[in-house]
């Protein structure tokens, strides 16, 4: 069975359609790559936001607690004998 000659614009044995499909495939791969890069950027932004909002303030609070609870070491020269 052959394709009707009236509908054939260029007899290139499917080369034009093949090229169109390859271009579509390349465009889809590029779009997926861009989407993947944007997802990775979003993950990095979320990690930085979590560090800024949660980890750094908790670390400052813990440092303040450590400084507040620090007890000076016993110094025998400074002790008062009663």
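Each residue, glycine too, has its Cβ placed from N, Cα and C.
Just so it is clear, the model here is predicted, and its values are computed rather than measured.
Here Swiss-Prot gives transmembrane segment for one range in the set 20-40, 41-61: that range is 20-40. Residues belonging to the topological domain 'Intravirion' (41-82) score a mean pLDDT of 86 in the model.
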